[in-house]
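As given in Swiss-Prot:
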type	residues	note
BINDING	Arg68, Ser69, Gly70, Asn81, Leu85, Ile86, Asp87	substrate binding site
Amino acid sequence: MKQVDIKLLDPRLQDVFPGYATPGSAGLDLRACIDERMEIHPGETLLIPSGIAIHLADPGFAAMVLPRSGLGHKHGIVLGNLVGLIDSDYQGQILVSCWNRGQAGFTLDPMERIAQLVIVPVVQAGFNVVENFQPSQRGEQGFGSTGKC
């Protein structure tokens, strides 16, 4: 298991330390470390503090902030940047950009679970500038070229 340094910036997280819900969970929940209930109006995007900072330190890893499926499907609450990417050398608080793409306001309570954090491997590639690529079966065929969407 990869060990990650974490700072708990909000003392309330001592009671609900970020962790994995099940042995098969890929992501751990991020919570809304806000002091009082707030409304996210339709079309509005707000930055919500998570109360944690992490330092991955290893350039072979990054963290991704992803939406919670239930919030998006049931309430229209998704990430304003769709996916948040946390680089291995970032050490600041993780902020969650919450966008209400729904038709109704959404009430966010303090310490509510709002997103998930997934640690992923990263490959930093070197690039060779070429004039042409070796032919492949797909070539330059793009959107929808491999079958019905």
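Using the three backbone atoms N, Cα and C, a Cβ is placed for every residue, glycine included.
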DSSP state at Gly70 (substrate binding site), helix/strand/coil: helix
Three-class DSSP secondary structure - Leu85 (substrate binding site): strand
Chain-internal residues, separated by at least six, CB under 8 A from Ile86 (substrate binding site): Ile54, Leu56, Ala62, Ala63, Met64, Val65, Ile94, Leu117
CB contacts for Leu85 (substrate binding site) [other CB atoms within 10 A, all chains]: 12
Chain-internal residues, separated by at least six, CB under 8 A from Arg68 (substrate binding site): Asp29, Arg113, Ile114, Ala115, Gln116
